[in-house]
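So the structure is just underneath, and the comments pick up after that.
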Amino acid sequence: MANIGMLNAANAVTMPLGRTLPEGPRGKKPRKRLSRGNIIVYGTLFVVALYYALPLYVMIVTSLKGMPEIRMGNIFAPPLEITFEPWVKAWKEACTGINCDGLSRGFSNSVRILIPSVILSVAIASVNGYALSMWKFRGSEVFFTILMIGAFIPYQVMLYPIVILLREAGLYGSLTGLVLVHVAFGMPINTLLFRNYFASIPEELFKAARVDGAGFWAIFFKIILPMSLPICVVAFIIQVTGIWNDFLFGVTYISSPDRYPMTVQLNNIVNSVQGVKEYNVNMAATLLTGLVPLVIYFASGKLFVRGIAAGAVKG
Amino acid sequence: MTTTDIRPQTGRSAAVRRPSRLLRNLSSKVAMLPLIFTALVIFLGGTIWTVVYSFTKSGLLPRLSWAGLDQYERLWSSRKWIVSIENLAVYGVFSLIGTLVIGFTLAALLDRKIRGEAVFRSIFLYPFALSFIVTGLVWQWILNPELGLQHVVRGMGFESFTFDPLNNPNIVMFGLLIAGLWQGTGLIMCIMLAGLRGIDDDIWKAARVDGIGTVKTYIRIIIPMMRPVFVTSLVLIAAGIVKLYDLVVAQTSGGPGISSEVPAKYVMTAMFGGQNLGQGFAASTMMLLMVVIILIPWAYLEFGGKRRG
């Protein structure tokens, strides 16, 4: 507590040295919560927080208004009459090209892409990380290095060769093809995550299992996997938000508008040039698309932070 | 590159015949097949393929008819490409500085042992969970000149107030920048905060004993100590800038006119819109070159230096 009091007297320079170091908690209570420095800190944070919170607020408010109210008024004003019509319309009726069955189609496509991609990429990345940290072989580090360098290459460089690969495999334009692309591009970050996590597992544990005659897969399933729940959750969060938010791969590898993921469909709905712009429907659609990652974000709390920090700092 | 001391088949008695090199540690190799395929075929092979085909006359379909540097000459004489590069430079410089300054400042403020840190942190970071499409569309709406921010400020009595970046070719990149910073600074703030938390409290005590002010301590002592964190942030931001694509598509579609085109969008249009594959390959090779230019000094500093020291 005393520590806070001292820090709060922000500019310690102004204080004579001797007084900051009394022998015990004597003298006046450190009630300097609203010092000048503190007001600046909280004031700045508050103003910046407004800038960050504003778009979410505008999305919500706009999506609950009727079009006449939007044309008349102020985008920051709360709705006078709350209506859920725009949400229903965005979900069920909004048009992209000839299809007028709303974002629900994109949502189901995105779910059908998301589930296999996430499961596959977490599974593959965990095995990769395990092999890379405990079963190294000649060349394994070279492959890993190439993979990590690949993470920095702009996607555009690899887009067309993958089109050819998918076409050869007969998967171009299908959801399966897109799933494989997501698995490939999610591999660097997740493999790195698992590799670093497994590197911290004591070697003795591994050696003991070897002595007992356990092989590659036995050790993985019986010892390593049960220990790796936290890192699996982190990888899961990274993959869900990353794949859900993808636009580039969806627009490149899906050939028919029926199968577009939600982000691509959303962009087509909002940026379509035909018809009258219905801003409330657009904002409802935008919010609907952002809902999945937002829920993941607010539900996972610290794990989300740990996930991105682990991925970023160690990379 | 001799790898580990725990190679499975080697430790046995000498009587057992050593299995061939390739079969040793076989399950590990089999398990890594997806990784090996991704690294060698997709990442390495794909990159080499694109670079090679950027020297061909490929149009509608890729074909190996040599064209030398023709595609590059065409690329650099294209007005749209030049605009794209200029835009990326403007966006890049401001985004780099803005993200670092805002990210560090917010982290430093949150590190002042304030109340409600968790609340502030989640507010600053939530945009990072959203896609660039969502980000672009929200800001397109807020910056809408007829109904958005400009309209509201004018309604408050400032009749001549003008802020319409999305309709003004001269400042459209700043409209994108506002959205880009909103989305990306939270991540850098988190990384910086982790860096600040890693700094020993004794440093602060020593600075206070020496009578150094808070701001001065940050600039003179803390920031130099956080060099690795800054370098990581720099690389992350720079790699993200080169990829800039979805945000532009959602927020401005490259307009007004071609005033907010970016290289990634040029590539996509050439490859999938214009069926002009050679141009797409050449442009994406240039993007690769930009990343290489960013990464090589970093890799040299990070890894080259260590090995020698």
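Heads up, the Cβ atoms here are built off N, Cα and C, so glycines get one too.
Annotations in TrEMBL come from automatic prediction, not curation.
Taken from TrEMBL, the feature domain 'ABC transmembrane type-1' covers A:107-300.
Here TrEMBL flags A:39-60 (among others) as transmembrane segment. Cβ atoms under 8 Å from those of the transmembrane segment (A:39-60) belong to residues 10, 75-76, 283, 286-287, 290 of the same chain, restricted to positions at least 6 beyond its ends.
Taken from TrEMBL, the feature transmembrane segment applies to A:113-135 (among others). If one looks beyond the transmembrane segment (A:113-135) by at least 6 residues along the same chain, the residues whose Cβ comes under 8 Å of a Cβ in the stretch are 141, 144, 175, 178-179, 182-183, 186-187, 190-199, 201, 206, 216, 219-220, 224-225, 228, 232, 235-236, 239-240, 243-244, 250, 261.
For A:142-163 (among others), the entry in TrEMBL reads transmembrane segment. Same-chain residues lying 6 or more positions outside the transmembrane segment (A:142-163) and placing a CB less than 8 Å from one of its CB atoms are 132, 172, 181, 185, 187-189, 191-192, 195, 248-249, 252-253, 315.
The annotation transmembrane segment is assigned in TrEMBL to A:169-193 (among others). Long-range Cβ contacts of the transmembrane segment (A:169-193) within its own chain (Cβ-Cβ under 8 Å, at least 6 residues beyond either end) map to 109, 112-113, 116-117, 120-122, 124-125, 128-129, 132, 144, 147-148, 150-151, 155, 162-163, 231, 234-235, 238-239, 242-243, 246, 249-250, 253-256, 259, 261, 307, 310-311, 314-315.
Listed by sequence, the residues of this chain that lie at least six past the ends of the transmembrane segment (A:214-238) yet keep a Cβ under 8 A from its Cβ atoms are 118, 121-122, 125-127, 130-131, 134-135, 186, 189-190, 193-194, 197-198, 201, 205-206, 296, 300, 303-304, 306-308, 310-311. The feature transmembrane segment is assigned by TrEMBL to A:214-238 (among others).
Away from its own ends, the transmembrane segment (A:281-299) comes close to residues 58-60, 62-63, 86-87, 89-91, 94, 103, 106-107, 110, 237, 240-241, 244-245, 262-263, 266, 269-270 of its chain (Cβ-Cβ under 8 Å, at least six residues beyond either end). Here TrEMBL flags A:281-299 (among others) as transmembrane segment.
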